[in-house]
Structure formats: structure tokens, C-alpha cells
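Chemist: Quick one: structure below, then a few questions.
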Amino acid sequence: MSELKNDRFLRALMRQPVDVTPVWMMRQAGRYLPEYRASRARAGSFMDLCKNAEFACEVTLQPLERFELDAAILFSDILTIPDAMGLGLYFETGEGPRFKKTVRTEADVNALHMPDADTDLGYVMNAVRTIRRELNGRVPLIGFSGSPWTLATYMVEGGSSKDFREIKKLAYGQPELLHLLLDKLADSVADYLNAQIRAGAQAVQIFDTWGGALTAAGYLEFSLAYMKKIVSKLQREADGRPVPVILFTKNGGQWLEHIADAGADALGLDWTTEISEARRRVGDRVSLQGNMDPAALYAPPAAIRDQVSRILASFGSGSGHVFNLGHGITPDVDPEHAKVFIDAVHELSAPYHQNA
């Protein structure tokens, strides 16, 4: 593998000195880019983009051609595991992801195929290898998965949900059945992420998009416990350097102390938590990633720079911060505004690293 030319993202995750604060964006390869829309039209569908290594590589690299990003993230979907388990993933226009089958009974859980990450999900590993080769050491590559709880919400509900009624029926009425499902998912996610690391991912992120829908006790029992299990099983070194792990629970700001004790290297923050407060609460146990409101990218350039400046000042001096949005970039954002954001992070953060 090529030597890494820009490692500030990995260094910041490990709280090592950096020259400027590194930055990347969730969904940085996505519909806001006209070149992405052109690639998707050529591929035919979203899943065709994901399952073809050349297309997945092409769209992963597109934002790096436009912006001075400090990391690339594998282009894929969090629902690849449930799809490989036999649930039949498809996308309904205007409805988002759907499954042909749902998982609501013990028989449904027992019928799930336990996927082999290197064969059933081999298309993902092919994409990782292709992207690493094409990156040629330019920036690190992030692999990822959904959290067991988040994957389970889609599997039980049959797709996206506003109130999580069906999975909460299990949580309150048949918790042992939900634990059976979550345990299977935790094993699959750990295998999947380790396969990505073997294929070349240099950091991994677990997206717990719907953890914030739980009560405090429910979060610890049904979400965080299974992310901890995954973290404990991950390969934490490759190519002679650490492979950092990031946990991101949307709307999880009230549980930062618990998440900081889960064994990961960094926590993702959404925009509802003040980053200075988060830093005070977790100390130097973990790095922090985030946390500008994606909607701030609709603002004029000067206002975007002001938002970046405010968050940098809130975090303060020293390493341990990876700048990001608090969730994915939205499809109707002007790419030029994304460029203003990324350039502002590098330009305005240098004074905070003068003693590096």
C-alpha cells in the first residue's frame, strides 16, 4: 500500500499533533454534486453504484477532486448487511429504503442468513481495495457500518420510520427476541468492519442514526451495549499504524460520558451539542468529530465562515478535533458553499495548532 501523504485525519483521531484541523463531510459523495448525479444516471440505480467497484470508486473520489478534504469515505449504504441477510433491499422513489421481508418473530430472526463479509459482501471489499489503490496514499479511507440498533430499526419496521412503533413493541414486549437479533447483527457488523480493514480501510465509523429515539436506559441496553461488543472485536492496527474507531449516535449528546467509555477513539457529535461542553465532559478520553449544522451550508459564504470560526473557538486549542457536519450534507446545497466550509476549516484552524 502507498505511503499516506496526508495523515492529519488519523492523527487527530488519536489526539496527536496536527498543523490544521482535518475536515471531511458525511455524505460528501452524494446528490449535491452534479458529477455524482451523472455517475448515478450511468450506473442505473443507487445499488448498482454501490455494487460496482469502479462506480463506487468513481463517486468516492469525486469530492476529493473538488475539495481539499482530509479523508475519503467508502461509498456504500448502511443496509448492505440486512440485504445480505436475505431481506431484499429496494428503494422506493420518495420513500427511501424498503425491505421485502420484515423481522418480527423468533422464526424471522432464526431464518436470517449470517453473511460472510468476504463473499456475500465481497462487492464492498472490492470497492475498498479499488478505492485504496486509486487514492494512492492521498488521504485515508474510512470504512463504515450501521449500528445493530439502527439496522434493526429498518429490519423490524420494513424501512424508515417516524415513530419506531414495531421495534419498540419488541423492546418493551419481547426484549429477549430483540437482543437475539441485535446479537446477530453485532457479530455481522464486527466481521464486516474487520473485512473492510483487511481490504484497506484505515479508520471505521459506526453510524447509530436512530439511537437517539431510545430512552436513556434503552440506549444503554439496546444500542450502546452492542456497539461496545463490536468495538471489542475490531482489528485496531493495520499497515503498522492504529485503525481508529468513531462512534456516531445522532441525538446522543446526553449520553456522551457513556459513549466515551465504549472503547472507541472518537465520538461523532450532531449540532445539538456544544462542542466545548462535549470536550469538557469527555476530557481527553476520546477525540470529537463534528459538528456544524448541515443547514448552515445554505447560508452566504461569510456566514458559513462565521459558523466554522465559532465551532473552532468552542473546541479550543490542541488536537483531538475532526471537523465535520453534524449529519450528512443535504442534496440541494451549492457545492461552492461546501468548498467555502472546507477551506475555512483549514484556514481558520491553524492558530489553534501553533504549539503542535
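We count from 1, first residue shown onward.
Each Cβ is built from the backbone N, Cα and C atoms, and glycine gets one as well.
Under the heading substrate binding site, Swiss-Prot lists R27, Q28, A29, G30, R31, D77, Y154, T209, H327, citing sequence analysis as support. If you look up Swiss-Prot, you'll see D77 marked as site 'Transition state stabilizer'.
Describe the structural context of these features.
Modeler: Taking a C-beta cut-off of under 8 Å and a sequence gap of six or more, H327 (substrate binding site) has these contacts in its own chain: M26, K250, D270, W271, P294. H327 (substrate binding site) falls outside any helix or strand according to DSSP and counts as coil.
Counting only same-chain residues six or more apart in sequence, the Cβ atoms lying under 8 angstroms from the Cβ of D77 (site 'Transition state stabilizer') belong to F46, M47, C50, L89, P97.
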Chemist: Here are the binding-site residues: R27, R31. Which has the lowest count of other Cβ atoms within 10 Å?
Modeler: R31
Chemist: Could you tell me which three-state DSSP class R27 (substrate binding site) falls into?
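Modeler: Coil, per DSSP.
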